[in-house]
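Accompanying notes for the structure given below.
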Amino acid sequence: MAMAAAASLLPASAAPTLPGRAFRPPRNSTPTASLSCDGGSRCRGVGLGVILGGCRAQGVRRNAAAETYVPGSGKYIAPDYLVKKVTAKELEELVRGERKVPLIVDFYATWCGPCVLMAQDIEMLAVEYENNALFVKVDTDDEYELARDMQVRGLPTLYFFSPDQSKDALRTEGLIPIDMIRNIIDNEL
């Protein structure tokens, strides 16, 4: 808890360093800590409180006020996100069903750094396009066969489905700017 205060109130150079972890502020944000892990872990430069590849900055939580403590577990859990995680069956129903708004599907993995970065943009867009688009996400580790069938090769991959089912879906792969996503939703669908 004290480390969280130090990491958020002090400049990165004054923040404490844990063995195997480096603290530094992310670009374009207020000073907070980010971490990198050694020992073959997949974590590098992600925001605190995000668990990737089993690596987490010890004693530091993203936003304790926004998390709920699970008694007896010693864990804090974040509330549900705005973008719903769906299964293969749910996605099939959404794609084949009648829609009045575009459907945007985010194929991601919890261990994927660019996926975590883009998830923040997707959440913001879900609020911005609340009544004009439907955003869902698919965890490729949980839905491997669906990801394979949808030819998801790199992460994150976004699919854009128009409400007009005669139009082909659009696909992007990799971390793309939020303005590009807006442009696709506003002009291409």
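Every residue gets a Cβ built from N, Cα and C, even glycine.
It should be emphasised that the depicted structure is a prediction, and the values quoted were computed from it without experimental measurement.
If you go by Swiss-Prot, Cys115 shares a disulfide bond with Cys112, out of Cys55, Cys112. For the domain 'Thioredoxin' (72-189), residue counts in helix, strand and coil come to 42 helix, 26 strand, 50 coil, using DSSP. Taking CA atoms as the reference points, Pro114 (site 'Contributes to redox potential value') and Asp106 (site 'Deprotonates C-terminal active site Cys') are 12 Å apart. Counting neighbouring Cβ atoms within 10 Å of each of the recorded sites (Gly113, Pro114), the lowest count belongs to Pro114.
Each residue contributes its Cα atom, and for Asp106 (site 'Deprotonates C-terminal active site Cys') and Cys115 (disulfide bond) these two points are 9 Å apart.
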